[in-house]
């Protein structure tokens, strides 16, 4: 905040107006110099005076510009300037003609009467209807301006202030002043810390009851976001006290208050959680236990243990298949290269031959397509299987899906809410097979479904442990297993796995440059297409070796000189750009994690046409925000996908994100080549640092 600077001036040109209030302006400052101002705020017009606070920066294409964090407008006092201001169309009903009449009639007193319909009717040509309209428009504009000044004056940035005003409207000042905790925390884009900062600015006490409750809820939500569904009462009180700067005893009483009002639920041993998550895990356990019995139709299914192409199952694989077929629910688990895909293929074939209706699904679009390719049968995302729409899921307990068997792959990615939606939508007779690798990254959302189910001992589990792929062309599998067991990976000459070490003294930028060379020139020399077959994976978004920096650098390689690039809403798009969808979009049939490539970008229409495998999708201004560059991605975003070649840069500056599960999962994304690039100490840290498996959940309690 100390680096923020001030900029004051008059808008001489409105160069661009985008969605959600994004604007690019030319401002003439006090020195009569024209500068570029970028802001998210209420609509602005030429002639308006502005005061902005923000930072100077240099855009790679548009040069020096001032990016405003806060911005307020100043309404001119002098009649001539005010007339020009009104003539710009700021107030509905006033154009150049009427602005001139108003100035001529009221002079410097014009500003005082713009909201007075009776005074306005004294002007020639302004009747009652027009006077009412002008006064109402002026008063609405004043209310908006006052609200934005109020919000920004108490610490909100310009974009957030605009968002809050859009949601609260004319009552913004009254509602926020009365209680920012109850008001702001219900608005999109505002979390506890922002609401708390505004409350402190407004003079709310540190021990205000609503502050303590909101702070504790924030702690609970933060734990859920980290994957937990439970916490101890002492942990919540301690973390809440640290967050709010109050004593632990006071926060312990708040925990008791939320328990008494059933905003938290007590499980056992001092463990508490959100009722929605705890009850969800209880329901999941009930559904699984009801199916964890021998299947009556098992003897009617003939197990050949042989695929149509002549492949024969090993004894271990055959035993796994028989375990699955014997029960109404079972888990098939194992690491890379042990034959899970083969067993899944035979399982689906066997059940299909028995005349059963199968539904195959996975958490992501790419994972479901891989499942379909492996089994030769249709597969979908879990969301599509359940008929997800704007109002929820079409299929549920009252309207179950039509299937005799559901097989779900990549189950480690599935969180509690989604798994709950799946199990309650199963008809009573439907069998469920859960497939996944419990050592891969857990779900982004709350819960640890796959690991909890396997660890419970209550659900049949078929484990595959024998590595089926060995030799120089299988070192990806071998080294991934080594990492999973806590052993450092080894670079093997003339194999599909390599480690390129960068000296410890080398700065992160050096690792970035080496990774770029490996992902482009080296891969090209080995016969890989750097754009379509190589994926860079990194632990973080920020920093010199994060996704943002790597994407910019890789984009410069693949789209030299901004070839064909256009700017839409402040972002550049160019034909050939590699992109990833970040949210499920059922209207366009694209899903979170789907990779595509820009075909064309139209700045005038504000549209981007992208190709996703075998189909083209048009993105309009309201959906472009769901796309990100994907030359480099995080390991989490790549989970459920496979790529011909993967490059993984690791640096010491990513220290707290370097973790075994992350590295193991990232290694297993590569099919034909994987290259680790980075500091030896960073690689060692990733191998030996284990945190991702530690989630406190209630599912094991209900499965006992």
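Including glycine, each Cβ sits where the backbone N, Cα and C put it.
Going by TrEMBL, these are the annotated features:
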- 5-76: domain 'ATP-dependent RecD2 DNA helicase OB-fold' (DOMAIN)
- 141-229: domain 'ATP-dependent RecD2 DNA helicase-like helix-hairpin-helix' (DOMAIN)
- 337, 338, 339, 340, 341: ATP binding site (BINDING)
- 550-612: domain 'ATP-dependent RecD2 DNA helicase SH3' (DOMAIN)
- 629-677: domain 'UvrD-like helicase C-terminal' (DOMAIN)
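The Cβ neighbour count for residue 339 (ATP binding site), using a 10 Å radius over every protein chain in view, is 22. Neighbour list (residue 338 (ATP binding site), Cβ cut-off 8 Å, at least 6 residues apart, same chain): 464, 465, 466, 467, 468.
As a quick check, the domain 'ATP-dependent RecD2 DNA helicase SH3' (550-612) and the domain 'UvrD-like helicase C-terminal' (629-677) clear the bar of 3 or more Cβ pairs under 8 A, pairs 6 or more apart, so the two touch. Of all the binding-site residues listed (337, 340, 341), 341 has the fewest other CB atoms within 10 A of its CB.
Taking DSSP states H, G and I as helix and E and B as strand, the domain 'UvrD-like helicase C-terminal' (629-677) has 18 helix, 20 strand, 11 coil. The DSSP secondary structure for residue 338 (ATP binding site) is coil. Counting residue by residue with DSSP, the domain 'ATP-dependent RecD2 DNA helicase SH3' (550-612) contains 12 helix, 26 strand, 25 coil. In sequence order, 334, 335, 336, 342, 343, 464, 468 are the residues of the same chain, not among 337, 338, 339, 340, 341, whose CB sits within 8 A of the CB centroid for the ATP site. Model confidence over the domain 'ATP-dependent RecD2 DNA helicase OB-fold' (5-76) is summarised by a mean pLDDT of 83.
Counting residue by residue with DSSP, the domain 'ATP-dependent RecD2 DNA helicase OB-fold' (5-76) contains 3 helix, 51 strand, 18 coil.
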